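Peer 1: Per Swiss-Prot, transmembrane segment is recorded for 27-47, 78-98, 114-134, 143-163, 172-192, 201-221, 222-242, 316-336, 346-366, 385-405, 421-441.
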Amino acid sequence: MSDLSSNRLPNRASRVTNQALSAIERFLHIEALSGIVLLLAAASALIFANSQYAALYESFWHTPLGFNLGHFTLSWDLHFWVNDALMTIFFLVAGMEIRREIHEGALADFKQAILPIVAAIGGVCVPAIIYFIFNFNEGHIHGWAVPTATDIAFALGILALLGKKIPSNLHIILLSLAIIDDIIAVLIIAFFYSTNIDPSGLLIAGGGIALVLFFQWIGLASAWLYILPGAIIWWGLMVTGVHPSLAGVILGMMTPVFPTRTLVAPLTMLSNAMQILQEKNTKTDLHHISTALKKMRKGQRAMIAPVTRIQKALHPWVAYGIMPVFAFANAGVSFANFDLSSGKSFLIVFGVVIGLFVGKPLGIITASYLAVKSGLCRLPPQMTWAGILLIGFLAGIGFTMSIFVSMLAFKDIILLDAAKIGVLCGSGLSALIGLGYGFIYIKRNKDIPHSSE
């Protein structure tokens, strides 16, 4: 019996370590399943916006929500709370994903990261150029960034539908490319869609960043404590004129990638807990059992880096809550007053659709081909040009980020609806072609070792 007890500690530590190492697998599964939820949310929004409940749908998202504290009043409509507040949490998780990939993922080794970096740049430039060509004379070039984004959830969702016969390297490259795409999207939003910059806001945001660094310096590990500096950064960015949701990226990129230092080593905590459980009288002493279990949970928590722990906790909320709510709030485009025969609307729709459906795969495979042929990088094992083309099609699913950018690019409701329709059509075509081509790819590459997910 004592031998069994003595083996529990290393087994426990092993399980904790395995949980940390399999984080990317959990990420892939959550994102893949959330794609279905996102699709249902978007479809529901379209149905509501084009039904007898359209007015109710529209008025609901303009319902004011806020609170009063003495003479201080804070009130915004639900649409603002979703797009500017809830999406901050989405960007927080995105920032943590970027932080982890740079530290220990595919982006940690520059040689390994060259291919997805080059592919992502090509996948941003070509769609932007295509949109620019169609809309240059119409004066709607401000929407050039709409077809440049990739929706990780939808892309991985389609990849999941193809089953386990997809090479693992294809998963990794698509994920890395999408994360780099997120980095580029964040930079685009910060530098091209921020107006009337107020320097005083930078001081406020800088104060929030300084507070984060101070908290980390004195060893505060509780994530709840960082809500205050996060809110200060958010408010500072809004005052500055930069989209406030980018505060999430800043906070995510600052999240520690190493376990927080504790006075007692995590393994010592687990060892002490096991000693308590091994005591003779512990079997019937609920207080001692409870104390031991608390020590175990504390030890387990101390072994996992904050960036991994917080990301794991937030992912289900973002994947199954925030992103579907965002889709339901913003995908509701009414076709009643939309006139596709209008030159302005048509060119916006056409530019976005072709940018996503054609520009994304064209840019990704062209940039990758040039990089490989020039000797800058090489294709990973199990990877073929057919696989790169599949990644290109899936990267054309822009949905969430593309809609987000379109709302920053267009203030006119007619032009905004045109951009959203372009996003929905372009993303839908990319998903269908990607799925169909994916099955062809699997049949033609039966001998290539596949993912073991």
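Yeah, the Cβs are placed from backbone N, Cα and C, and that goes for glycine too.
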Peer 1: Do any residues of this chain, six or more beyond the ends of the transmembrane segment (78-98), have a C-beta under 8 angstroms from a C-beta of it, and if so which?
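Peer 2: Hits for the transmembrane segment (78-98): 27, 60-63, 65, 107, 179, 182-183, 186, 230, 234, 238, 243-253, 255, 307, 310-311, 314-315, 317-318, 322-323, 325-326, 329-330, 404, 407.
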Peer 1: Near the transmembrane segment (385-405), which residues from the same chain, at least 6 beyond its ends, have a CB less than 8 A from one of its CBs?
Peer 2: 38, 42, 83, 87, 119, 123, 145-151, 153-155, 158-159, 167, 169-170, 173-174, 177-178, 181-182, 185, 188-189, 193, 323, 326-327, 330-331, 352, 356-357, 359-365, 368-369, 379, 420, 423-424, 426-427, 429-431, 433-434, 437-438, 441, 444-445
Peer 1: Who are the long-range neighbours of the transmembrane segment (346-366) in its own chain, taking Cβ under 8 Å and residues 6 or more past its ends?
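Peer 2: Non-local partners: 119-120, 122-135, 138, 140, 143, 146-148, 150, 177, 340, 385, 388-389, 391-393, 395-398, 402, 406, 415, 418-419, 421-423, 425-427, 429-430, 433.
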Peer 1: Do at least three CB pairs under 8 A connect the transmembrane segment (114-134) and the transmembrane segment (421-441), leaving out pairs fewer than 6 apart in sequence?
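Peer 2: Contact criterion not met.
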Peer 1: Could you pull out which residues elsewhere in the chain have a CB under 8 Å from any CB of the transmembrane segment (316-336), counting only those six or more residues past its ends?
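Peer 2: Result: 30-31, 33-34, 37-38, 40-42, 44-46, 48-50, 54, 57-58, 61, 78-79, 82-83, 86-87, 89-90, 93, 153, 399-400, 403-404, 407, 417, 420-421, 424.
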Peer 1: Report, as numbers and ranges, every residue of the chain located at least six residues beyond the transmembrane segment (172-192) whose Cβ falls under 8 Å of a Cβ in that stretch; write 'none' if there are none.
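Peer 2: Answer is 24, 27-28, 91, 94, 97-98, 101, 105-107, 113, 115-117, 119-121, 123-124, 145, 148-150, 152, 155-156, 159, 242-243, 246, 249, 364, 380, 383, 387-388, 391, 394-395, 401, 405, 408.
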